[in-house]
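Visitor: From TrEMBL, for reference:
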- 244-256: compositional bias 'Acidic residues' (COMPBIAS)
- 257-277: compositional bias 'Basic and acidic residues' (COMPBIAS)
- 898-925: compositional bias 'Acidic residues' (COMPBIAS)
- 778-881: domain 'Small-subunit processome Utp12' (DOMAIN)
- 224-277: region 'Disordered' (REGION)
- 891-925: region 'Disordered' (REGION)
- 184-216: repeat 'WD' (REPEAT)
- 377-418: repeat 'WD' (REPEAT)
- 419-460: repeat 'WD' (REPEAT)
- 505-538: repeat 'WD' (REPEAT)
- 556-588: repeat 'WD' (REPEAT)
Amino acid sequence: MKFAYRFSNLLGAVYRRGNLSFSKDGDSVISPVGNRISVFDLKNNKSETLPISTTKNITCVGLSPDGNLAILVDEDGAAVLVSLVTRAVLHHFHFHKPVSSVRFSPDGRKFIVTKENVALMYHAPGKKREFNAFALDKSYYGPYDETTCIDWTDDSKCFVVGSKDMTTWVFGAERWANLVYYSLGGHKDVIVGCFFEQDSLDLYTVSQDGALCVWECDTEPDGLLTRGPKGPSGPQEKEKETEEREDGEEREEGEEGEPRGEVIRGKADGNKQKEGTKMVRYKRRGKHFFNKEGDFNNLTAAAFHKKSHLLVTGFASGIFHLHELPEFNLIHSLSISDQQINSICINSPGDWIGFGCSGLGQLLVWEWQSESYVFKQQGHFNNMAALSYSPDGQYIATGGDDGKVKVWNTNSGLCFVTFTEHTSSVTAVTFTSRGFVIVSASLDGTVRAFDLHRYRNFRTFTSPRPSQFSCLAVDSSGELVCAGAQDSFQVFLWSLQTGRLLEVLAGHEGPVSCLSFSPVRSVLASTSWDRTVRLWDMLDSWQTKEILQLTSDGLAVTYRPDGEELAVATLDGEISFWNPQTATQTGSIVGRHDLQTGRKETDKITAKQASKGKSFTSLCYSADGQCILAGGQSKFVCIYNIAEQILMKKFEISCNLSLDAMEEYLDRRKMTEFGSLALLDEGVGDGDTVALSLPGVRRGDMSSRHFKPEIRVTSLSFSPTGRSWAASSTEGLLVYSLDGTLVFDPFDLDLDVTPASVRRQLRRAEWAAAIVLAFRLNEAALTREVLEAVPHEQISVVCGSLPDIYVEKLLHFVGSALESSGHLQFYLTWAQRLLTLHGQKLKNRSGAILPIIQSLQKSIQRHFEDLSKLCDWNIYNIQYARALSNQKGIKRPAADSLSEEEEEEAEAEEEDLEMASMEEADTLI
């Protein structure tokens with residue numbers, strides 16, 4: 001088995017903090033999720049998380065005008081230059097201070113970064129491939145407080161910066177003779193947004209108290225004058241520039257590693273009238289207020305679309321306004337969230353508006369002309385506690401501490417249904433064997449079953465006395481539902497069909513931590529804190545069949561896919577393996593040292609000492625049963641080989657230092673003579689200023705001003721196809737897949753195996769030889785080209801002449817090609833002939849090819865659902881058309897029969913309708 005699993009996608013979270021951005025074509029929205037970036041394709045309804053991460057949570061995203069480059073800046077000011085084409089990191093840079101905003105110029109030659117009260121202009125990396133991609137050009141000083149927002153003119157000649165000191169500063173990107181800088185006041189609160197009018201120097205500024213100022217400039221962009229050799233840049237000006245540079249360099253002494261550039265400092269007399277030069281002047285033309293009636297809270301975000309003159313403003317109450325400027329006409333107002341709107345962006349055509357709400361983790365895209373949602377997603381806004389794959393691997397169900405159960409599509413990466421019936425944290429979720437029912441357990445004392453056909457809660461199971469359910473299991477038939485209680489130490493057994501409580505299994509002397517049904521027998525395994533695993537026989541009056549004694553408290557238990565082995569994780573960090581038939585232990589793995597837990601900022605002991613109390617809390621067998629996946633109170637997920645009992649690979653699920661317990665040693669820069677700075681809470685009052693968390697607290701003190709969630713893995717699951725596995729963690733639902741590996745992975749490669757030789761065999765009509773050579777080269781594009789070149793009538797002959805070693809490879813390729821190809825009948829014919837001609841040989845290796853068959857079934861099932869919906873829609877349209885024609889025929893007198901011309905027109909209309917439906921089916925396929 002290969003262990004080349006790579007990070008594939010991030011589900012369960014769509015937005016955390018930072019600014020949203022639309023792609024150049026306006027069809028995709030780019031959202032920062034923690035320390036990663038997710039791209040949501042709104043046209044194709046898909047999401048993708050780039051395999052790129054920063055050291056801390058991303059706060060600013062700057063997108064180049066051509067859409068090929070992006071600058072990601074985290075909380076500390078560490079920047080990463082990323083190529084959105086190759087999904088690769090091109091350059092690292094550190095600004096040494098938190099950055100408030102990043103903005104490229106419209107011509108793509110410069111970009112502005114604002115930090116503290118300074119705006120830094122850099123040369124944008126271009127086609128020259130500079131060694132230092134961040135070359136400082138100028139530094140602009142003027143605001144007296146932190147800067148908040150940036151905007152450029154369309155010709156990239158000037159830019160405007162808003163500040164927390166309630167002023168707005170207009171700077172020239174070049175040393176213009178009539179505009180070096182200009183300061184605008186008029187506001188009584190923090191500037192949230194400042195925007196130039198299209199092809200003009202006219203300005204709009206928006207402040208946090210809901211005020212909009214309209215500024216008119218007396219100069220057009222073409223009226224900006226360059227400094228000539230004998231003009232304003234004479235000897236006196238050069239002396240001033242030299243003084244300003246020296247002064248600016250003194251001001252930037254604390255910033256290490258930044259190349260020095262030109263410094264422009266705003267002064268009180270900087271824009272005075274100079275001899276022979278008419279300076280740029282601004283005049284306020286109007287001032288408008290959003291909250292005249294006092295119905296709205298602070299204005300928190302704003303965006304402006306220059307072509308349509310559309311201003312979008314978001315408020316802390318979750319309400320947004322659409323206004324047309326400069327008349328300030330209200331188009332409409334709508335409440336889209338219960339929390340404040342943190343980010344707003346508008347796509348290039350101006351018809352879609354993106355909203356980000358970090359309080360609930362919401363990402364919304366609104367089409368304002370039709371007043372409808374284009375995209376609406378929300379992740380779990382608390383920790384994700386449980387996950388489960390559907391039997392075909394197409395869906396993932398998750399449960400969170402927010403009491404919601406969400407179902408995600410693994411192909412699109414999006415959530416398509418959310419169940420909110422639980423009133424407390426969801427502790428476990430699972431699919432039934434048929435995949436149409438999801439069962440979830442919660443701390444609210446209920447176990448609920450949800451129907452994926454009608455999207456409703458059709459069963460609710462409760463215990464005679466209120467109990468908090470901590471684990472859940474459903475048998476292979478889908479008839480029995482079991483849940484373990486953490487307060488009454490009992491296991492409750494219900495019938496899914498009738499909803500009746502069948503039995504209460506008592507015997508454990510501690511909280512029940514995990515349940516697992518045998519895949520082949522009606523035997524339930526339960527583990528508890530009483531250091532035992534009990535095997536219950538479902539066919540023999542639910543009696544205890546065996547009791548397995550453990551060395552420590554049991555935390556997780558799971559069966560191997562063939563039901564011949566049982567794995568148990570205990571509190572001492574060990575994984576023990578048992579034979580459930582003989583009740584004997586067959587092996588054990590000591591995995592405590594493999595967890596490598598980090599030290600929390602408030603810990604008084606080292607990470608090495610703290611690791612003695614850490615353990616695995618989740619186990620999952622691979623699809624072939626040869627390996628086991630283990631995760632727990634750490635940032636690592638381990639894969640062990642069971643036969644050899646050794647660690648095969650360790651996955652680091654996160655490198656985000658914004659989470660707690662990430663580093664083994666504390667940062668010495670945060671240590672003082674009194675201890676760690678994290679132990680000092682500046683706002684607790686006159687009492688003891690040392691804030692210690694209570695033992696067992698996982699999420700930190702929620703009442704403190706600053707808290708960091710602890711990194712941990714709560715649940716693991718292998719896909720039934722064996723091609724991927726998923727882990728629910730503090731950051732969200734992480735999916736690791738084999739399908740994201742390198743394209744070039746040759747098999748039995750030789751000097752004669754080249755693309756030219758493959759195409760030469762195609763020209764000779766040697767189909768089987770061409771397919772063998774293509775698989776030896778193992779390039780997906782070339783293999784697809786060869787397969788689609790084979791005539792349809794030759795498929796049976798080619799399948800029969802293939803060597804056995806390539807049959808499995810071809811079947812796997814057909815299954816993966818079915819997911820994206822439109823040649824549905826062609827690839828289905830390949831699959832049918834392969835299974836028919838080589839079925840007996842494949843059956844002998846059923847254990848090895850089971851993931852391939854399940855992957856093929858997953859693709860066929862998805863196409864079947866899409867086509868069945870389309871066919872039903874066509875049938876309803878045809879029936880509707882016939883009903884209309886029948887009504888017309890009834891209204892006419894019986895003597896008045898249709899003429900031949902009318903009959904021909906009716907037949908032609910029906911044919912046109914059928915042709916249109918067939919064309920639409922072709923486009924969807």
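Even glycines carry a Cβ here, placed using N, Cα and C.
Where the annotation comes from TrEMBL, it is an automatic prediction and has not been curated.
A description of the local structural setting of each listed feature is requested, covering burial, neighbours and distances.
Guide: When pLDDT is averaged over the repeat 'WD' (184-216), the result is 93.
For the repeat 'WD' (377-418), the number of residues in each DSSP class (helix H, G, I; strand E, B; coil) is 0 helix, 23 strand, 19 coil.
Proximity of distant same-chain residues to the repeat 'WD' (505-538), defined by a Cβ-Cβ separation under 8 Å and at least 6 residues beyond the stretch ends, is recorded for 470-476, 480, 482-487, 489-493, 544-559, 561-563, 566, 568, 570, 578, 580, 583.
Within its own chain, the repeat 'WD' (556-588) has Cβ neighbours under 8 Å at 513-521, 523, 525-527, 531, 533, 535, 546, 548, 550, 595, 614-621, 623-625, 628, 630, 632, 640, 642, 645, 847, counting only residues six or more beyond its boundaries.
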Visitor: State the non-local partners of the repeat 'WD' (419-460) in its own chain: residues 6+ outside its ends, Cβ under 8 Å from one of its Cβ atoms.
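Guide: For the repeat 'WD' (419-460), the list is 382, 385-392, 395, 397-407, 466-474, 476-478, 481, 483, 492, 494, 496, 499.
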